[in-house]
């Protein structure tokens, strides 16, 4: 059985940067917390907890210490509160997310109604939305955008993990809604590259394994993209979840991982697949 690992599997630039910053802060010791999970990888969050860094839902109970801002960013009000409390802030917000926040802020100040393409329940989107001082709408698809009211000036940004296709569909729908539209391409290339590569790989193999947190939006999207081309696609968080039955009659296995999946988790999965393959051949 041949195992092919996607070249772009695992940490993207923003996640790598955020985890490095978090582990460096943890090494310094002292009271250190992250505001929400640093990235959407329960295993990385657990490692940080073992080093004494706990994830907080909010900073209302914090009076001193270091607060690490998660890679997805946080609401502007929470950042202001951290500054007011004079906490030491380690801002690990992904620069691409930061860009989307800044666009929303400036569009809003310039009198545009803002449309954010994304998942309203996702912390990244909730953070981006908080930078709007005027009207702001969150839509998940072109169909949802078609239900928006008429607006004079529309500014569009996207959650960084959205597909380019979805952004285009929303923009098409917005063209019928306003006289002036400004669109900022805030989708991260790492997401698009991973999806394209995963599609290509899924079409060449008999079974596809996608590794990453069940709470990771980009990993879930990878699994969806792969399933369309290879129904035998399995989304797992760690090696122990691999089932030998999945590999029955399989000649080629494709493996990819979300942008918040650490290399050590990918390595463990590859080792376990190798072990299953050996047992199968005995």
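Glycine is treated like the rest: Cβ placed from N, Cα and C.
Per Swiss-Prot, the feature [4Fe-4S] cluster binding site maps to 12, 94, 188. Annotation source Swiss-Prot lists (2E)-4-hydroxy-3-methylbut-2-enyl diphosphate binding site at 40, 72, 122, 160, 216, 218, 260, citing sequence analysis. Annotation source Swiss-Prot lists isopentenyl diphosphate binding site at 40, 72, 122, 216, 218, 260. Swiss-Prot lists 40, 72, 122, 216, 218, 260 with the feature dimethylallyl diphosphate binding site, giving sequence analysis as the kind of evidence. Under the heading active site, proton donor, Swiss-Prot lists 124, citing sequence analysis as support.
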Candidates 124, 216, 260, namely the recorded positions, that fall within 10 Å of residue 12 ([4Fe-4S] cluster binding site) by Cα distance: 260
Cα distance (Å, whole number) from the residue listed as 'active site, proton donor' to residue 72 ((2E)-4-hydroxy-3-methylbut-2-enyl diphosphate binding site): 5
When distances run from the Cα of residue 124 (active site, proton donor) to each of the binding-site residues 160, 188, 216, the nearest one: 160
Rounded Cα separation (Å) that holds between residue 218 ((2E)-4-hydroxy-3-methylbut-2-enyl diphosphate binding site) and residue 188 ([4Fe-4S] cluster binding site): 11
Long-range Cβ environment of residue 160 ((2E)-4-hydroxy-3-methylbut-2-enyl diphosphate binding site), under 8 Å and at least 6 residues apart: 14, 94, 96, 97, 100, 124, 186, 187, 188, 191
Neighbours of 40, 72, 122, 216, 218, 260 excl. site residues, C-beta within 8 Å of centre, dimethylallyl diphosphate: 39, 71, 124, 161, 213, 215, 217, 219, 258, 259
